[in-house]
Amino acid sequence: MTTIEARTGRRTAGWWVLALSAVAIAVFAPLPYLGASLHRLSEDHDIAANYADRASWIQVVFYAHIVCGATALLLSPLQFAARLRAKAPRLHRICGRIVVGAIVLGGAAGLVLAPLNLAGPVGTAGFGMLAVLWAGFAVTAVRAIRRRDVAAHRRWAVRTFALTYAAVMLRLWLIVLVPLQFGVAEDTAFLRAYHVVPFLCWVPNLLVAEYFLRRRP
């Protein structure tokens, strides 16, 4: 196997890992919220409990954030499938429009919800910055392709997906951080971990994306 073949194989494997994990979270994470009321979920879910007694319009924004985030996460991996772009460019454009629309709406919803999060000021700052950058990067990617600047479009699309993937990393970090707090009640451990993830779920993603882009500009 040549060096080029090895690199191609690693990139393909990496794409599958990202794609499958993104699809898994996009499909399964929203299911509890779509199958039961917030009041019913609040008995076992701290996040649901945080929104169960909020104003109706806040709950609508919360559900909009869930649906839009899941849509963007589900479709985004398809945008990086080179064969699909080559064989079905129209499908690529349609999916792109759906993804950008979902991100802009999801980002706006996230910005509204940021001050209400469970992590206090850290969460407001972390999730608020994520919401603004997420929507901003997506819009910048669209502007680049409208200028026919494919290279810039690709770079901003990679950065946008890095932020979209925060939905996956947030859950993975919680899975790691909660059990590490030995002897601490689960609810307390969750809240402590949740104070860390507002930045941890997306800043490392963006750093990895920038490293990737510098290696393959």
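Each residue, glycine too, has its Cβ placed from N, Cα and C.
Some features that TrEMBL has for this protein:
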type: TRANSMEM; residues: 12-33; note: transmembrane segment
type: TRANSMEM; residues: 60-82; note: transmembrane segment
type: TRANSMEM; residues: 94-116; note: transmembrane segment
type: TRANSMEM; residues: 122-145; note: transmembrane segment
type: TRANSMEM; residues: 157-182; note: transmembrane segment
type: TRANSMEM; residues: 194-213; note: transmembrane segment
Residues from the same chain, set at least six apart from the ends of the transmembrane segment (122-145), whose C-beta lies under 8 A from its own: 96, 99-100, 103-104, 106-111, 113-115, 152-153, 155-157, 159-160, 163-164, 166, 194-195, 197-199, 201-202
Same-chain residues at least 6 beyond the ends of the transmembrane segment (157-182) whose Cβ lies under 8 Å from its Cβ atoms: 18, 21-22, 25-26, 29, 69-70, 72-73, 76-77, 79-80, 103, 130, 133-134, 137-138, 141, 188-190, 192-194, 196-197, 200-202, 204-206, 208-210, 212-213
Chain residues in Cβ proximity to the transmembrane segment (12-33) (below 8 Å; excluding those fewer than six residues from its ends, i.e. six or more beyond): 41, 45, 48, 63, 66-67, 70-71, 73-74, 76-77, 80-81, 164-165, 167-168, 171
Cβ contacts under 8 Å made by the transmembrane segment (194-213) with residues that lie 6+ beyond its boundaries: 46, 117-120, 122-123, 125-127, 130, 155, 158-159, 161-163, 165-167, 169-170, 173-174, 177
